[in-house]
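J.: From Swiss-Prot, for reference:
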- Gly49, Trp51, Asp69, Asp87, Asp111: S-adenosyl-L-methionine binding site (BINDING)
- Lys151: active site, proton acceptor (ACT_SITE)
Amino acid sequence: MKKYRDHYFLKAKRENYPARSVYKLKEIDKRFGILKQGMRVLDLGAAPGSWSLGAAEKIGPSGRVLAADIQTTETVFPPNVTFMQEDVFERSAEFEQALSETGPFDVVISDMAPKTTGHKFTDQARSSNLCFEALAVASLHLVEGGSFVVKIFMGPDVEAYVKQMRTLFTAVKSFKPKSSRSESKETFYIGLGFKGLPEFSEQEGED
C-alpha cells in the first residue's frame, strides 16, 4: 500500500469515517465553499456513508441530508441524515416522496460509480450514464443558486457532459483532490449557481 493511501486510510479509521472518500468532499468544500450551516443536501451513491457524514457535520443539526444508494450500509448516521436504499434509475414512490419533503436541496453531491468490468470503454460508458442521471435528478431538485458535485471517470463523453452542465450552472469547475489516488481517472466537476430549468413555452411545443 502506498504511503498516501496509508495516510488517508488510517486517518479515516482514526476519525471514524467508513471510507477515505470523505476527504475528497472536504477538499472540494474547502476550495469552493459549497456546504453551510442549515443547508439541505442530497447525496447520491452515498454508501458506505462518508460523504453523508462529512456533509452532516458541516451543515449542522439544523441541516438535512437525504442519502441514497443501491447498496445498503451499516454506518450509523446522526439524526440529520436519512439513508434510503434506492436505485437512482428506478426511484420508488417512497424516495420520490422523500425528495419532495426534504427538498428542494441547496447541494446535490454524487460519488456514484458503476461496478467495473475491467473493460475501459464499458466502464466509462456506465460511469457516464450515472453522471447524466445524477445531473437530471439535480436539475429537478436543486434550488436556484444551488451547487452540484459529481464524480466523473474521464472519457469521450465528458466534453458533452460538461457542455450540458454549463447550460444549467453559471460556473462549472473541475477539481482533482489530493486525496484521490494519483493513478485514478476520476475527476470531480462542480456546478455553481444553478440557473433553474429552462422554461418551456407553449409555442415551442406546437408543430
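Glycine is no exception: its Cβ is also placed from the backbone N, Cα and C atoms.
Remember, it's a predicted structure, so these values are computed and weren't measured experimentally.
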J.: On the three-state reduction of DSSP, what should I expect for Asp69 (S-adenosyl-L-methionine binding site)?
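T.: Note: Asp69 (S-adenosyl-L-methionine binding site) is in a strand by DSSP.
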J.: Given the binding-site residues Asp69, Asp87, Asp111, which lie within 10 A of the residue listed as 'active site, proton acceptor' by CA-CA distance?
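T.: Matched binding-site residues: Asp111, sequence order.
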J.: List the residues of the same chain that sit at least 6 positions away from Trp51 (S-adenosyl-L-methionine binding site) in sequence and have their Cβ under 8 Å from its Cβ, in sequence order, or write 'none'.
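T.: Same-chain residues close to Trp51 (S-adenosyl-L-methionine binding site) (Cβ under 8 Å, separated by 6 or more) are Ser21, Val22, Leu25, Asp43, Ala67, Ile109, Asp111.
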J.: On the three-state reduction of DSSP, what should I expect for Gly49 (S-adenosyl-L-methionine binding site)?
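T.: Reduced to three states, the DSSP call for Gly49 (S-adenosyl-L-methionine binding site) is coil.
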J.: Across all the protein chains here, work out how many other Cβ atoms are within 10 Å of the Cβ of Lys151 (active site, proton acceptor).
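T.: Its Cβ has 22 other Cβ atoms within 10 Å.
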J.: Let me know the most crowded of the binding-site residues, choosing from Asp69, Asp87, Asp111 and counting other Cβ atoms within 10 Å.
T.: Asp111
J.: Looking only at DSSP and grouping its letters into three states, which state does Lys151 (active site, proton acceptor) belong to?
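T.: Looking at the DSSP assignment, Lys151 (active site, proton acceptor) belongs to a strand.
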